[in-house]
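Beneath this line is the structure, given in structure tokens, with notes to follow.
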2 protein chains.
Amino acid sequence: MELLKQRILQDGKCYPGGILKVDSFINHQMDPNLMMELAREMVRIFGRRPINKIVTIEASGIAPAILTGYLMQLPVVFIKKKQPKTMDRMLSAVVHSFTKDRDYTVCISADFLTPADRVLFIDDFLANGNAAKGVIDLCAQAGAKIEAMAFLIEKAFQHGGDYLRSAGVDYTALATVTSLDDCKIELE
Amino acid sequence: MELLKQRILQDGKCYPGGILKVDSFINHQMDPNLMMELAREMVRIFGRRPINKIVTIEASGIAPAILTGYLMQLPVVFIKKKQPKTMDRMLSAVVHSFTKDRDYTVCISADFLTPADRVLFIDDFLANGNAAKGVIDLCAQAGAKIEAMAFLIEKAFQHGGDYLRSAGVDYTALATVTSLDDCKIELE
């Protein structure tokens with residue numbers, strides 16, 4: 001998606017170790033007009049698919065997910081990274097974060113992820129695919145079908161995409177970063 | 001706001017210890033049409049105020065904040081509950097969560113909260129006001145002005161509202177819960 005690519009090249013910042021910072025427009029400060037355009041692109045791609053629920057994971061996926069949910073008139077559920085005190089019928093999965101170098105448990109209520117659900121999962125980044133693995137695990141536990149996954153940005157030099165292809169998960173990224181070598185952003 | 005009150009009475013669940021669960025429509029599964037109506041109400045209340053930025057805190061404030069930001073055409077920044085590896089010029093504050101019974105550090109980049117900012121802070125709940133205190137602290141550190149705070153739901157039998165009034169912070173709640181005694185939801 002050209003708008004997102006241009007914005008990444010304009011405002012994205014590259015740090016040693018393959019880190020791409022988009023925190024001035026996507027995952028700390030958010031540009032709501034950009035977010036709405038990203039949601040409209042989601043509708044163009046997925047609007048005719050048999051999806052009945054948007055699922056995301058806190059926190060950076062929530063903004064594009066709620067806007068897409070609004071446009072597609074679908075409920076949006078966000079997977080939590082902390083177990084609330086009062087969640088009944090909780091499904092959980094362990095996820096490893098490379099960025100933060102720790103394991104954490106993600107959870108969702110079985111009340112909101114069921115065998116009737118055909119899910120579009122939305123998140124900001126696909127990197128090593130660990131959050132996506134957790135989502136696949138939760139959906140398997142719930143008996144829900146993942147219709148597709150959509151990411152704002154894929155880091156193609158990491159291995160999340162390989163994993164999703166090998167797992168037979170249909171996924172799309174609105175922008176694909178092919179290299180951050182020498183702190184230079186290269187896009188597909 | 002009548003729509004929200006009706007929804008709380010219809011779908012909210014009350015648990016011993018003053019816990020109100022709204023996780024089927026606000027803070028786990030989200031109803032995007034309700035969220036958009038809540039955002040429209042924010043615009044009705046705050047649309048003519050000299051606000052140049054929406055601030056919220058992850059995760060449950062993000063959905064109403066991004067929709068309000070979209071309608072008001074303002075950038076939205078979400079305060080983080082974990083310190084990212086790559087945040088420069090970080091401002092931080094310690095917040096005590098009664099619900100989770102622990103202290104945690106919240107942070108925001110000084111790049112996105114500045115002396116030029118006149119902030120509308122949006123969150124899902126005002127209970128004991130601890131998150132709000134953290135926000136006041138961060139805005140003071142940044143030199144930003146809090147124009148107002150807006151909460152979807154206030155628990156008036158807890159003390160966040162008293163604190164904000166004593167601190168001279170203008171705040172609004174779209175629905176006010178006056179009692180959860182005997183697991184019965186009473187609204188103002």
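Cβ atoms here come from the backbone N, Cα and C positions, even for glycine.
As annotated by TrEMBL, xanthine binding site applies to B:L20, B:N27, B:K155. For B:A127, B:N128, B:G129, B:N130, B:A131, the entry in TrEMBL reads 5-phospho-alpha-D-ribose 1-diphosphate binding site.
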Key: Cβ-Cβ neighbours of B:N27 (xanthine binding site) (radius 10 Å)   = 20
Key: Distance from B:L20 (xanthine binding site) back to B:N130 (5-phospho-alpha-D-ribose 1-diphosphate binding site), taken between C-alpha atoms, in Å   = 17
Task = Mind telling me which of the binding-site residues B:N128, B:A131 has the densest Cβ neighbourhood, counting other Cβ atoms within 10 Å?
result = B:A131
Message = Can you tell me how many other Cβ atoms are located within 10 Å of the Cβ belonging to B:A127 (5-phospho-alpha-D-ribose 1-diphosphate binding site)?
response = 24
Query = For B:A127 (5-phospho-alpha-D-ribose 1-diphosphate binding site) and B:N27 (xanthine binding site), what Cα-Cα distance in Å is obtained after rounding to a whole number?
reply = 15
Local backbone state of B:G129 (5-phospho-alpha-D-ribose 1-diphosphate binding site), from DSSP in three classes = coil
Note = Around the Cβ of B:G129 (5-phospho-alpha-D-ribose 1-diphosphate binding site), other Cβ atoms within 10 Å, all chains included, total 24
Surrounding CB atoms that lie within 10 Å of the CB of B:N130 (5-phospho-alpha-D-ribose 1-diphosphate binding site), all protein chains = 20
Task = Pick out which of the binding-site residues B:L20, B:K155 has the most other Cβ atoms within 10 Å of its own Cβ.
result = B:K155
Inquiry  = Between the Cα atoms of B:N128 (5-phospho-alpha-D-ribose 1-diphosphate binding site) and B:K155 (xanthine binding site), what distance do you get, rounded to the nearest Å?
reply    = 8
Inquiry  = Can you give me the Cα-Cα distance between B:G129 (5-phospho-alpha-D-ribose 1-diphosphate binding site) and B:N27 (xanthine binding site) in Å, rounded to a whole number?
reply    = 18
Ask   = Using the Cβ centroid of B:L20, B:N27, B:K155 as the reference point for the xanthine site, which residues of the same chain not in that list have Cβ within 8 Å?
value = B:G12, B:I19, B:K21, B:V22, B:D124, B:F125, B:A127, B:I153, B:V177
Task = Could you measure between B:A131 (5-phospho-alpha-D-ribose 1-diphosphate binding site) and B:N27 (xanthine binding site) for me? Cα positions, answer in whole angstrom.
result = 16
Task = Give the maximum pairwise CA distance in Å, whole number, for the residues B:L20, B:N27, B:K155 listed as binding xanthine.
result = 16
